[in-house]
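Colleague: Take this structure, written in structure tokens, and hold onto it; I'll ask about it next.
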Amino acid sequence: MSSTKIFLKSSDDKTFEIDETAARASETLKNIIDGGCLDGVIPLPNVSSNILPKVIEYCKKHGGDNGSSKKIANGGVDKDKEILPDYDEEEDKREKVRVDELKKWEEEYMDFDQQVLYDLMLAANYLHIKGLLDLTVEKAASMIRGRTPDQIRENFNINSDFTPEEEEEMILIEDEWDDEWAFD
Amino acid sequence: MEQEGNTDLSVLPESCIVDIFSRICTSPRDACRLSAVSLIFQSAADSDSIWERFFPSDVQLILSSSVSQSLPDFSSKKEQFLYLCDNPLLVENGTMTFALEKCSGKKCYMIGARELFLFWGYDPKSWKWPSLPESRFSEVAELLGMGWLEIRGKMETRLLSPNTTYVIYLVYKLTVLANGLQYKSRVTVNLVSCGRSKQQGREKSVFLHRPVESKLGRELPDERDANSVPVFTENKNSVPVEVPQERGDGWMEIVTDVDGGGSRATLKMTEFVINDQANTKEEVYCESVRQPTYRASSCLQAECFEIET
């Protein structure tokens, strides 16, 4: 693999270096590289210097390895492999270890507060890094799952922006659903 | 909106929020709960990509077989979903109605009286077939009188969803002069495959006419069963007997299926539907309401069986 360096400039004008192979984890960067429009530094006006190193860290881990998150989602087993005639058990074991290690890495990588979560999700969305977007979306989902509207507002620091009338109506709808639920 | 350090979910693009929500919302109830948080939550939780997941997978096929008047144009999947919960559609050549159960999105079918087997149903002295404005079917069966009431309904299991527990109801009304239905009736639900019983439901007792403690100071007898428990008397050994409940729509319903145990017992369809996919002849029979009605001057309008989750 070539180890061409690419430079990324954050919204606050700081420049970061990344290997081309790692940068290819981002669809957006990959298109720029393949499009031949590479002109020294790629400006990323939507990503700040707080977040960009975090994004680069992810890309380094996943660069040139687009299938990794899919394998994790399948419980680390690549089903296609089983039907190949030259199926290698040892190879499969090594793959499993690699996937487990990656899972552990992702767990540590994702240990940050809510503020980083949104910015990282925005960056992943903007740069089209599917695996990273998936991780951040799942983390956000786990923060909402099973909570009441009041708990969610509190957790996410949201002020209800409904008018008092709408609020009233919401409570009515909520009660109606609770009634239906009670029969279940 | 743009704050220092994004702590507000509203900075996220809608596609991300919908993606987050689609991992959380497993039922319409979840979606409605999320939509109560804030406007941005509401717009994501109400989106089509969330709501289209709540429909049964074959809903388009069912809708295309509908003989009801044409459906309104829906502005969203949520609107369509709620419409199908509240407005049952006539399907299967008008012999059944189809609706969605609001909390789960599961299928509810109602079988019209014309599709039921009614003992002596063809006899005009025993039954008549009026139209009632409050019925979703064009005709209902009205019992005029007979000595033996027997109602049976059946439906093919291919219409139901696999891995789903269904409850079967008998839906009916009592006329002002209804009489003779205060006796215990026996109910069974059987799963039948190619004419042979595959699972025999346990027999269960129901009252079609909620018995009132007799003003004459005596209990109403079950004339066929000398050992029966007198109505509404607490007897420790007695099997729970179902009494009818008022539905919201002016009809009464009684849960008629059996599975042993609980008062709202259910018949599990799962294994049959899954294991016998090749067999489309499978049917659920509800052999219901066999009861002696001596002095039969009762009036019963049996609308249908409703099958829902």
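Note that the numbers count up from 1, one per residue, in the order the chain is shown.
Note that Cβ sites are derived from N, Cα and C of the backbone, with glycine treated the same way.
TrEMBL labels come from automatic prediction, so no person has curated them.
Pasting the feature list from TrEMBL:
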- A:5-62: domain 'SKP1 component POZ' (DOMAIN)
- A:69-88: region 'Disordered' (REGION)
- A:130-170: domain 'SKP1 component dimerisation' (DOMAIN)
Colleague: Report, as numbers and ranges, every residue of the chain located at least six residues beyond the domain 'SKP1 component dimerisation' (A:130-170) whose Cβ falls under 8 Å of a Cβ in that stretch; write 'none' if there are none.
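Modeller: Long-range Cβ neighbours of the domain 'SKP1 component dimerisation' (A:130-170): 25, 27, 55, 58, 62, 68-69, 106, 109-110, 114, 117, 120-121, 123-124.
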Colleague: Need one number: mean pLDDT over the domain 'SKP1 component POZ' (A:5-62).
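Modeller: When the pLDDT values over the domain 'SKP1 component POZ' (A:5-62) are averaged, the result is 89.
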Colleague: Under the DSSP assignment, what numbers of helix, strand and coil residues are found in the domain 'SKP1 component dimerisation' (A:130-170)?
Modeller: 30 helix, 0 strand, 11 coil
Colleague: Let's see if you can do this one: DSSP helix, strand and coil counts over the domain 'SKP1 component POZ' (A:5-62), in that order.
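Modeller: Each residue of the domain 'SKP1 component POZ' (A:5-62) counted once, the result is 23 helix, 13 strand, 22 coil.
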